[in-house]
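S.K.: Below are the features I grabbed from TrEMBL:
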COMPBIAS  A:1-10  compositional bias 'Polar residues'
COMPBIAS  A:55-74  compositional bias 'Acidic residues'
REGION    A:1-77  region 'Disordered'
TRANSMEM  A:149-167  transmembrane segment
TRANSMEM  A:179-202  transmembrane segment
TRANSMEM  A:214-233  transmembrane segment
TRANSMEM  A:239-259  transmembrane segment
TRANSMEM  A:271-292  transmembrane segment
Amino acid sequence: MASSDGNKNTEPWGGFDDNIIQGTGSAVIDMENMDDTSGSSFEDMGEMHQRMKEEEEVAEEAEATEEETGEDGEFLGMKGIKGQLGRQVADEVWQAGKRQASKAFNLYANIDILRPYFDVEPMQVRNRLIESMIPIRIIHFPQKIAGELYGPMMLVFTLVAILLHGMKTSGTVIREGTLMGTAIGTCFGYWLGVSSFIYFLAYLCNAQITMLQTLSLLGYGLFGHCVVLFVTYNVHFHSLFYILWLVVGGLSTLRMVAALISRTVGPTPRLVLCGTLGALHMLFLLYLHFAYHKIVEGILDTLEGPNMPPIQRVARDLPVVATAAMNAVNATVKTLGVILQSQ
Amino acid sequence: STMHVPTAAPKPNIFAGLSDVSISGDIPVEGEINVPVGTPIQDKEYSTLDEPVKDTILRDLKAVGKKFVHVMYPKKSSALLRDWDLWGPLLLCVTLALMLQGGSVNSKEDGGPQFAEVFVIIWFGSVIITLNSKLLGGTISFFQSLCVLGYCIMPLTVAMVVCRLVLLGGSWRFSFIVRLIVVTASFSWSTFASTAFLADYQPPNRKALVVYPVFLFYFVIGWMILTV
């Protein structure tokens, strides 16, 4: 039985000491997750017991090898790395490495870091969705912005689904890449990129807002986009889109702008920050409508047509000039090849 | 018979006295004993290593088939979760991706990305849903959730086959309505089946938060099937 806590080594050269490997495994102490049993004495007891058993096995193995090679003198125990000693060294190295790797993994790849931002109830999400369309006029003291990531993430994914629907029904053809990749890239790029940019501007303009709050604010602002795009991808009237763009887009922009104004001091910083955010938000909706949904005017006409299906992928027409140029290039290359071959 | 009782005196190694504890047989002892399940599984693996390959494959296929049956008739059973495996989801995913790819009318440019699209959507979407349910306080493990979500794609694969057959004949308008109905039915079946398995492992007031991404996931897959 080991006499003291730290000395569990059975190697003559004094193996890897457990005291070197420090740290409790987590830098974030989250008191809510007390169902994690890593601190309980029962789990520790089991782990210590297992480790003591391992040490005993290693000790038995060491004794057995010493008995085998004992007659030839202890110098034979150092019979190169291929001997029993080498194997035990490799084993110790592996155990120590594994323990360190698992501790590092628990420290950095712990999704518990994000857990507080997903702590919401369905009622709260619903209320926040509705509130994102209602601008609040209080600008003399900071408005409360919820720091939550579930709602924004779900809204981004919903936007991706709506974009996909829009692209498919309009027959958009993406040449370099996939439809899904484009949709995901656009939506996530907007959410993360513009949030970071607004946070950077807020830092420059001395606004009291954290990165989490910009992510959350912008994410909930996408609710208006989702509604507008869902309606206008199915009902193809230009004027309806412009009205919805102004009204719905405008309301959600005003909500975000009011929240930012309440946290900024001074007319110029306010103007810069809110102007940028408003412009980007409204222009994004415009871009999404026109770039990802080429309104095929013929769809409305062909609903009565005999053979044309209402939903069909329509290829874009290559410009005539490009086709002619390609043909010319092909012809010259062919003639060159023939000339070279005949020589 | 003697009984050694660990003394209350503080020791540097509190586990030193534990090995001396022995309790005589006729004194009832309360409490639970948890045996770490390391050794029995190892024995099982060693014993199945020598069997012919055909047995292994047949056993795995039977397990996969049993899970398919569970998905088709979703009752509240834990068999799908206890012995999770990812063969079924892989099979379904590849079948779906191949069939969706072969259905595109246009040139090779549209055929290629579609296989990768479907593959990435299914696996990436499942990972996101699993992470989301874990972050919301779910007690299900990562691979169990992947297993459930993958197996519940089966109604959509069946719908894909039916759509393919319906497209072969019949008028276009009629076939579109039939396909719409079939895809809608199978997508709601998938959502219902996966929530039947997953919802038990969530805190009760947050079930809606977990169901919505699952709904979105199967909706996207259903939409891809319908518009191919």
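Glycine too: its Cβ is placed from the backbone N, Cα and C atoms.
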S.K.: Find the member of A:149-167, A:179-202, A:239-259, A:271-292 that has more C-beta pairs under 8 Å to the transmembrane segment (A:214-233) than any other listed stretch.
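M.R.: Ranked by Cβ pairs under 8 Å, first place goes to A:149-167.
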S.K.: If you count every Cβ pair below 8 Å, which range out of A:149-167, A:179-202, A:239-259 shares the most with the transmembrane segment (A:271-292)?
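M.R.: Comparing A:149-167, A:179-202, A:239-259: A:239-259 has the most Cβ pairs near the transmembrane segment (A:271-292).
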S.K.: Same chain, outside the transmembrane segment (A:149-167) by at least 6, Cβ under 8 Å from its Cβ: which residues?
M.R.: 114, 117-118, 120, 125, 128-129, 174, 179-180, 182-184, 186-188, 191, 212, 215-216, 218-220, 222-223, 225-226, 229-230, 233, 288, 292-293
